[in-house]
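For B:10-522, the entry in TrEMBL reads domain 'Cytochrome oxidase subunit I profile'. Per TrEMBL, the feature transmembrane segment maps to B:29-49, B:69-93, B:153-179, B:191-218, B:238-262, B:307-332, B:344-366, B:378-400, B:421-441, B:461-483, B:554-572, B:578-596 (among others).
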């Protein structure tokens, strides 16, 4: 009897958590589409490239973060090791890109 | 399916079993066999190189063939011998050490093996039509201008086997993160598991750079792009960067797993806990981390400028610190231990001074100023053979002697083991020590001949004699394998009597589900803990119950055959467009196999409780 009740409680807790999770996903998905539209709009309105490039890079950075934290669950508990590995990959990619920029292309 | 039915099977059924296997132990053995075959091939190439250089202005092979020989020796030894043999050891041992019944993705494991094997075979088939001849580093623009299809075989062969390695790395990471036995926390994992984990992370991050580089090279050579062609606005240095962003972590992929092997062998035969376990884990990570930011030390003479050179020089020298920590920890593990010397231990003990010499010349090379003198000379050849042979090959042989009883249930013959050790060890130092001095006297690497009376004659003769000693050692080792297979002494579970880790708690060789009941791990060196408390065996962490195991599949092999046919198509379509048929056909075979794999459910099979109880322990 008590067992059943506690399971039901856990289930409703889980349900609410899932619902919240779903909300977050939908919101971040909508934002991502919005950012993409903004990026396209800026280019089509022929805003000077001095502004467009940094703005698009910023939007891209936010989108990548959404991707990592919401869709790839880096923020979740129990995902510490995969997160560390992703951060390692990001670190190495950034470093390689930076080195190429500085010593080969500059 | 017990042992009895396995013995009754005919040749066809046995072959089918090996072609379709997803058992990590069988795939491990396949890796060892495939890697061993390529090791012999690469060794043969090495001997041919040394015969050519045995005397001044020798004419044993032509200049063109010599270029192919050095290219294939390097490529084969790194990609097709050393790394697959290590992957074989990891595959067999790591799941046993963490108390798992298989790796996380058994199907992927099998696919990874077949891709490696067919990549290697593809690359070596180029011998019949002209092998790659631009050096194992395949620098542009030399590789872009190399006539014939040699370099195309290099590109496609490495692309295939590289994909296989990447799959292996991902598989091991997931296995270690998710499939450790109850109680096996990260800081209770054996050092070999740790180094497998870190080496797999290195594979995950380093191989994409190679993949990208190979793709760019493929487009340049086959489809008329100009990534590396300066005349059309490309940049040849980018290949060097991409190659070494992969290539430098690669040398740590080769050395870290054998650091793990030594960290298992020393405690077992010194009967002491590994000294400084935490420091060892930390040093492993530090080496991996630093290993990613030193690649340009291969390019000091390219002209990156003094600032870039200095940064990479300092970072390179810093790697000596964590490596030194490891060397001292091994020495302290031995200190005061009750040491038993056998072949596995001999290879491990010989590693310490040999590898330290390689590390010392490494720090010398790290000095950018001095490197202008050493670059592209035999000094470099001496250096990297000291770390790769004195480190990786010694480690592989130590690991094979140590785990052979676990893998095959029989001890390698001790006398033969010592003969092969001593001849190989003496031959190794004879071959490569003198090469440092040859290099300092000005002998450049990759040259077909050297002139008389320039002080290089005796040194080269000594070096070649050493190569024959090493060959003798390898032949004795092969005889040892055959002898052991026919009439070797049977090994019990705890083959050395002083095993500390989980693999020594199960039968030799292990049953295909490894553990009837998953063990409960109560600390570092779980078997040793139980022994100290007078327990005969591990405490189980679960009751005897049904075991779920994956089914075998022929699809990985078919998929790989598809990719291999497509690779042939890519190589030859530059001359004749009809070869595009091979590209489409091969890709179709591969994609249909993938589709079959995705759409057809395969839930694996269960081993019933009754059967487990019948088998006994």
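Backbone N, Cα and C atoms are what each Cβ position is placed from, and that goes for glycine too.
Outside the transmembrane segment (B:578-596) by six or more residues, the chain places 555, 558-559, 561-572 with a CB less than 8 A from a CB of the stretch. By number of Cβ pairs under 8 Å, the transmembrane segment (B:344-366) is matched best by B:421-441 from the list B:69-93, B:421-441, B:461-483. For the transmembrane segment (B:307-332), the list of distant contacts is 259, 262-263, 266, 274-276, 279-280, 282-284, 286-287, 290-291, 293-297, 300, 352, 355-356, 359, 362-363, 366-368: same-chain residues at least six beyond its ends, Cβ to Cβ under 8 Å. Outside the transmembrane segment (B:191-218), and at least 6 residues removed from its termini, the chain residues within Cβ reach (under 8 Å) are 86, 90, 93-94, 97-98, 138, 140, 143-144, 151-152, 155-156, 158-159, 162-163, 165-166, 168-173, 176, 225, 227-228, 238-239, 242-243, 245-247, 249-250, 252-253, 256-257, 259-261, 263-264, 274, 277, 280-281, 284-285, 288, 291-292, 570.
Take the transmembrane segment (B:378-400) and the stretches B:29-49, B:238-262, B:461-483: counting Cβ pairs under 8 Å, B:238-262 has the most.
Same-chain residues lying 6+ beyond the ends of the transmembrane segment (B:29-49) with a Cβ under 8 Å from its Cβ atoms: 18, 21, 60-61, 66, 69-70, 72-73, 76-77, 80-85, 87-89, 91-92, 113, 116-117, 120, 124, 400, 407, 467-468, 470-471, 474. Cβ atoms under 8 Å from those of the transmembrane segment (B:153-179) belong to residues 71, 75, 79-80, 83, 87, 90-91, 94-95, 98, 100, 103-105, 108-109, 111-116, 118-120, 122-126, 131-132, 134, 138, 143, 189, 193, 196-197, 199-204, 207-208, 210-211, 214-215, 217-218, 221, 560, 563-564, 567-568, 570-571 of the same chain, restricted to positions at least 6 beyond its ends. Mean per-residue pLDDT, taken over the domain 'Cytochrome oxidase subunit I profile' (B:10-522), amounts to 96.
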